[in-house]
Amino acid sequence: MVLRRRTLHPLSLLVQAAVLAETLALGTLPAFLPCELKPHGLVDCNWLFLKSVPRFSAAASCSNITRLSLISNRIHHLHNSDFVHLSNLRQLNLKWNCPPTGLSPLHFSCHMTIEPRTFLAMRTLEELNLSYNGITTVPRLPSSLVNLSLSHTNILVLDANSLAGLYSLRVLFMDGNCYYKNPCTGAVKVTPGALLGLSNLTHLSLKYNNLTKVPRQLPPSLEYLLVSYNLIVKLGPEDLANLTSLRVLDVGGNCRRCDHAPNPCIECGQKSLHLHPETFHHLSHLEGLVLKDSSLHTLNSSWFQGLVNLSVLDLSENFLYESITHTNAFQNLTRLRKLNLSFNYRKKVSFARLHLASSFKNLVSLQELNMNGIFFRLLNKYTLRWLADLPKLHTLHLQMNFINQAQLSIFGTFRALRFVDLSDNRISGPSTLSEATPEEADDAEQEELLSADPHPAPLSTPASKNFMDRCKNFKFTMDLSRNNLVTIKPEMFVNLSRLQCLSLSHNSIAQAVNGSQFLPLTNLQVLDLSHNKLDLYHWKSFSELPQLQALDLSYNSQPFSMKGIGHNFSFVTHLSMLQSLSLAHNDIHTRVSSHLNSNSVRFLDFSGNGMGRMWDEGGLYLHFFQGLSGLLKLDLSQNNLHILRPQNLDNLPKSLKLLSLRDNYLSFFNWTSLSFLPNLEVLDLAGNQLKALTNGTLPNGTLLQKLDVSSNSIVSVVPAFFALAVELKEVNLSHNILKTVDRSWFGPIVMNLTVLDVRSNPLHCACGAAFVDLLLEVQTKVPGLANGVKCGSPGQLQGRSIFAQDLRLCLDEVLSWDCFGLSLLAVAVGMVVPILHHLCGWDVWYCFHLCLAWLPLLARSRRSAQTLPYDAFVVFDKAQSAVADWVYNELRVRLEERRGRRALRLCLEDRDWLPGQTLFENLWASIYGSRKTLFVLAHTDRVSGLLRTSFLLAQQRLLEDRKDVVVLVILRPDAHRSRYVRLRQRLCRQSVLFWPQQPNGQGGFWAQLSTALTRDNRHFYNQNFCRGPTAE
């Protein structure tokens, strides 16, 4: 952590304030704090938990701000002066600041207050969004307004005064003001003629408002009218009178089909939306008509008379399964481009066959037909025969129909067809059933479904989305994903030679492909076989596809998980046009080809495998990728890599430009080894376990342009780490543990960066932190600088923006605490001394001198206790030769000579007494100069002479010093024991020792004796009888 620290005096606070004020005046900080300035004049204040509209600094150029977004804050009160400084604002978004009770996540009640002139100050305002706020009336609005959204509010009434004066208004959204999520007591009321004064209004949306009829006297300028999901059960010409300019009309969901509803549904009392035959006759400009989810059972051809410009018709989620096969309603819709008939199934029934009505052949302009969820089991040439000759039909959706037999060759006769979606069916192979004639269709077998509530699967899963993006520019694409295919046979694709893109993902294909499965598909360029169980062993796999450019074999892990089974990747060599290959998430780790060879492959996805284990197998797989001579992009994410050796990088293709090592377990990376990849431009190391960027630097001459080391545990970066990478443009250091960002890391290239991402790091926001100046210098290149770059310390600023520093935190904290402590001490002394002198001056004087007198005595006693010359004075009867011999040859030798550094200092009469002194003086000095007095006795019944005198002096020491220093060693355990010995054994057993008669017990005896001589006898007393001598 590199910080520029300054030693500051508290008096410098005013100086610092002046400097900071000057800095703010110069505009070095982001001008729109706490918000973020985005391109095209947008100030983004979303998700900042603001409680009021922010006031920007004087340095902010508010005249250039045209858009302000305040989504998802906590602004409950808007004042007249809130937007005065934004005179040129054109777009204002205030969604989700004070949501109504039903829409609040915790169902809190909230009411937004808007003062009368709040928006009138913005004379150029064109777009205002007040959706998802608890407002009950329309506020006063500027006449310049063009687009207004009042959806999901509590506004229940629109009258002539609500929108008076808004002559420029073109778009009005007021959806969801009264429905199950935002309930009200009745319905939204739009008084007749309330909107008639809006002469330029072209778009009106009133969905989910419990309306029972279309509002009367709407402006004739309307082009888009959306009144779906209300309670309108009847529609006649008078409901749409004078709306001759109408181009799009949505009246769907007003009489719902509840068996297919994904949300609360009320059964329609009319059983079906009642449409007058002439309801739409006068709408000659109508281009889009939505009648979905209206419980329609039949189609009346008169509904569409006069709709000569109708191009989009949505009839989904009705009961039109009979009309689809017999209707004449489509005869005059020659300009219809898109028709949606999905989920018009009969309840609990799956048809054996389906044949479209002959009137479909008149849809000569039809480009897209959606027939998902009609539920029929056989698809043959008669099913769609009236569509085959449509010259413009390019997209056909047949998902979720329970189709189990499909004659795919029929799509080869469609002249303009570009995309067929047969996913999420039950197709298991080529059609084997006898083909029914059109006449047999009416008597087709019906199968009852087990579930009465079939709900559609998501139409756009991530896998299907990626597949569609890859194939959107091809001439012919077919999606057979999520079916029941187990094997692939060439007869399935007869007459489909022009097919260029095919998806067979999410099936159960478990065969060994050998070069014969796709023979008819000579023009196929993209093949998706992900999420299957393919066996890749034959070297001729996919060789029948000479134009194949992209092959997805990901998520075919089952064969690779079979122990002992080998797999062959040599087929890649023979695919001369292949550019993109995915072997991802197959758990490939052993028994595969030791090399991948191809001159054409440019992108290889090998993520989700076991490359870490493969590279650990000696040199067997060291050259696994080296044969891909033209490889540009390699993905090795999630490969359980714990270490990456230089030779691993050295044996990657030199042509490599992108290398992804994301989400592995790398804790070390040899940066100098990047020189082995001279063309590398992008390196992704995110999600690993790097602790620091300190082992070397990026090599000189590298072409690296983007480096991502986010989501690691990086705490430090070595100086000049990035400096030599002169081509570097993007650096991602986010989600690490960095406490600072230092200029020395980058050197001169810092100004060449286009992106420097340091979000989600616990930066230390100390006064003078160097990273603040650096980030301000490159602030346009730092994503989320205003709010995403936050402090991790000190505690007062944790989790807050780096620009939220308190001026008081810029003081030198050590100096501040020192000054505080000294001043506190001075005040305390100044108060306590006079008070004590006044109240108890004499007593303090007496106690002081008393303590002063005791100090030398205490010092002397401690000094004497710490400097006693002997550990034990040994007393024994010299007249007993056996005892004397044991003392000199056993006791002395054991305690003084054989203990090494732990040797005890013994005081012996014949050796240590001073000549010239009396016996009593020597005895006194020996007892008081030793920590313990050790009595060695042969028996305890008769003690006299020196032994008796020594014992009495030891007892005298007990009385004077409160120290029990007596230790008894009895050499004959069977001798008679005196009452004193028996009492001492009861009170202090460890101070009475007996010489063992058996040699194997002598080791324990010496250990017990050492303990008795080195520890205070107070610890040996039996607490049940006595606590031992204590100091007073």
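Keep in mind that glycine also has a Cβ here, set from the backbone N, Cα and C atoms.
Quick caveat, the model's predicted, so the values are computed rather than measured.
Per Swiss-Prot, the feature compositional bias 'Acidic residues' maps to 437-450. Per Swiss-Prot, disulfide bond is recorded for CYS35-CYS45, CYS98-CYS110, CYS178-CYS184, CYS255-CYS268, CYS258-CYS265, CYS471-CYS501, CYS765-CYS791, CYS767-CYS810, and the stated evidence type is experimental evidence. Per Swiss-Prot, the feature S-palmitoyl cysteine maps to CYS258, CYS265. The repeat 'LRR 11' annotation in Swiss-Prot covers 333-356. Summarising the annotation, Swiss-Prot assigns repeat 'LRR 20' to 601-623. The feature repeat 'LRR 25' is assigned by Swiss-Prot to 725-748.
Counting residues 6+ beyond its ends, the repeat 'LRR 25' (725-748) has Cβ neighbours under 8 Å at 1-3, 681, 686, 698-699, 702-719, 754-764, 769-771, 774-775, 792-793 in the same chain. Here the disulfide-bonded residues are CYS178, CYS184, CYS255, CYS258, CYS265, and the one with the most other Cβ atoms within 10 Å of its Cβ is CYS255. Calculated from their C-alpha atoms, the gap between CYS265 (disulfide bond) and CYS255 (disulfide bond) amounts to 10 Å. CYS255 (disulfide bond) sits 33 Å from CYS110 (disulfide bond), taking the C-alpha atoms as the reference points. For CYS501 (disulfide bond), the number of other Cβ atoms no farther than 10 Å from its own Cβ, over all displayed protein chains, is 25. Between the CA atoms of CYS471 (disulfide bond) and CYS258 (disulfide bond) there is a gap of 36 Å. In the three-state DSSP scheme, CYS258 (disulfide bond) falls into the helix class. CYS471 (disulfide bond) falls within a helical segment according to DSSP. Packing around CYS110 (disulfide bond) is summarised by its Cβ count: 16 other Cβ atoms lie within 10 angstroms of its Cβ, all protein chains included. Here the Cα atom of CYS178 (disulfide bond) is found 16 Å from that of CYS110 (disulfide bond).
The two recorded residues CYS767 (disulfide bond) and CYS791 (disulfide bond) have their Cα atoms spaced 12 Å from each other. When the CA atoms are compared, the disulfide-bonded residues lying within 10 A of CYS258 (disulfide bond) are CYS268, out of the candidates CYS98, CYS184, CYS268, CYS501. Comparing the Cα of CYS791 (disulfide bond) with the Cα of every entry in CYS35, CYS98, CYS110, CYS184, CYS268, these being the disulfide-bonded residues, the smallest distance points to CYS35.
Less than 8 angstroms from the CB of CYS98 (disulfide bond) sit ARG74, ILE75, HIS76, CYS110, HIS111, MET112, ASN133, GLY134, each of them six or more residues away in the same chain. When DSSP labels each residue, the repeat 'LRR 20' (601-623) comes out as 5 helix, 3 strand, 15 coil, counted as helix, strand and coil in that order. Per-residue pLDDT, averaged along the repeat 'LRR 20' (601-623), amounts to 91 for this model. If you take the Cα of CYS35 (disulfide bond) and the Cα of CYS765 (disulfide bond), they are about 20 angstrom apart, rounded to a whole number.
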